[in-house]
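According to TrEMBL, the protein carries these features:
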type     : residues : note
DOMAIN   : 215-285  : domain 'PAS'
DOMAIN   : 289-341  : domain 'PAC'
DOMAIN   : 415-466  : domain 'PAC'
DOMAIN   : 484-697  : domain 'Histidine kinase'
TRANSMEM : 162-184  : transmembrane segment
C-alpha cells in the first residue's frame, strides 16, 4: 500500500493536474460501466471457467446415475439444491437429453426459451453450455447461468457497446500516462519504488483475497449440496475437504479428516486400493471410474459404490489434486441382478415352452429377436434381423397370408396367425401373436410379439384330423351298413315266423307235443331276433336319422313316453310323479326315447313285493339342466361294469325281456345333445338315473354326430 510520505508528495500542486486527469478517467469509466451491456475481461472469464471446472465433475457423477435410472424427481431435487445454495453462484440450470427433450430445470429461466450461451452478461449472469458424459459418452447437455456478483464488476467487466471508444480512449490514456509517470519517476527519485517495494512480492490484494474466500465458500457449499459422497485430495493424497456423506463413511468430522491420508484413516489394503485409483486418475488426466464395496463407520451398513475420480488443474494446467465422487448403486445393482435372474428365467422358460419373443421397430423394419426366437428360426446370434429377412424365411404359399395379416394388424386388427417357416432343419410350424404400439398421432411405432414353435402340435393335429376323417367315413359306412342290414334282415325273419305259424296251424292237433314246443321256440327266437334288429336300427338312427335341434319342452316329451308305456304302467300299477321340466334345445323324438327307455326300465326291474314308484325331477345347474329319474326297484350293488355298453346285461337273458341296447341308445342320445348320463344305485332300494342337457338359451351349436 502507499506510504504517507508518498501521499504528501502526491498532494503538491504539480500533481493536481494529474489528480484531475485521473478523476476524469474514473468518471468516464463509471459512465461506460453504467451501460446495460458488458463483456467479460479475460481474468473474470478464467475465474468463471475455473468454477465451472469444479462444478462439471460433480454434475457429471451426481446427475448421470439418476439420468440412467430415469429418476426424474431425484434430478429435480439436485438441480433445486444447486440453484438455492447461497454460495454456489448458480443462477439457473437447464438439463436436456441428446434429442433436446427437457429432463429438468431450476432457477428463474423459461426452459422453452432459455438464453443462448454467450460471453455477454445481462444482470451479472454468465451463460455457458456444458456436456455431461458417462465414460466419455455424452448423455445430456446442461445450460448453466453462473453469477458474477461474487467478483467486483469494476475488476472484471468492461463495456460492450462502446468498446471501440473505450479502446481508443484508454489507448490515449496509456500514452499520456507513460509520459506522465516517466516524469513522475524522475521527480520522485525512487520514493515510489521505496514506497511500493515494501509490498513487493505480495501477490494478493484485499479484493483478490475476498474473491478467493468467495470461491472457497462456493466450493464448500457445493460439496455440502450434492447428496453423493465427495472429497478433495492434493496430489500426495492428503485430504483437503469433504462433505457430510464422506464424514459418515469415515466416522470423523471434516476438521479431523483434513490433513490426513487414507493410511491414517483406513486399513492398509483399502488405503492401497484408494491410492492406486488416485494415481490412475492423475496419470490418465481424465475422469476414471471404479466400483467398490464399502462399510460405513457410522451405522455399519455395507454398500456398493461407483466412484469417479477426476484430476483437478489450476489455470496454468498444473495438477493440484483429485476430486472424488461416490454414488451408492447398491439398489441399482440389486435391481440389475433381479433383472438378470428374471431374464435368465424368462429365457429358460421360453426354451422349455418353445416360445420366443421379438420386438420390431416399424419405421426402420429392424427386428430384435430373443435367443429362443433365433433358435426357432435357426438364426445365428450375430446375424442382424429385419422384417424382409423374416418374410424370406416363410414358406412361399404362406407368405401372402402372413403379409395380409400383418397389414391388417397395422390397421388395427389382432395379429394371431399360424404359418410355416423354412429353416436349416426343414419346415417348421410357428404361431405368432403381436401387439402394436402407436405414437400419439396413431401411427404404428413398434410391434411386440411372441413366436411359438408348434411343429409337434401341428403334426399331431394333422395326424388326428386324418384319423378322424378316416373314422368318420368308416362309421358312416358302418351305420349305413347296419341300417341296410337291419332293414333287409327283417324280411327273412318275418317269413320264418309266418311259415312256422302256418305249418303249426295246418297240422293242428296232429302235430306231436314235442314238435309244438320246437315250433314255439323257433317263433320266439325269430321274434327276439326281430326285436334285436329293431334296437340296432335305433342305435344307428341316433346319428344317421337325428333331427336338427329346436327348443323342446321336456314335459311334453316325458308325457309322450308315458303314453307309449300306458299298458305297462297299468299292468304294474306304477305310481309316476313328474315335476316341472324345463325347455331345452334338442331333438324331441330322441329325448322322448330317453324318457321311455329309463321309465320302462324302472317298471321292468321292479321289486316283487311292492308296486313301482317313479319320480321325474329337474334341477338347474351352471349352464345346464340336471334331469333325474328315481325308482324304488331292485337296485344294484357296486359294479365295475359299464351298464351303458351295448348288449351289457346285469341279469340273465331269460329273466327279463330286452336286448341290452336301451341304455346304449340313451347314452348316445344324451352325448349327441352335449350332456352326460350316469346312475346311482343301492341294492334293494332302487336306482336313480341322471342326465344333463344345456339350457335353451345356451348356444347349442351343431348336433354332435
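Each residue, glycine too, has its Cβ placed from N, Cα and C.
What TrEMBL says about a protein is an automatic prediction, not a curated fact.
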| field | Averaged pLDDT score, the domain 'PAC' (415-466) | value | 91
| request: Just give the helix, strand and coil counts over the domain 'PAS' (215-285), going by DSSP. | output: 43 helix, 9 strand, 19 coil
| Using DSSP, what's the helix, strand and coil tally for the domain 'PAC' (415-466)? | 12 helix, 32 strand, 8 coil
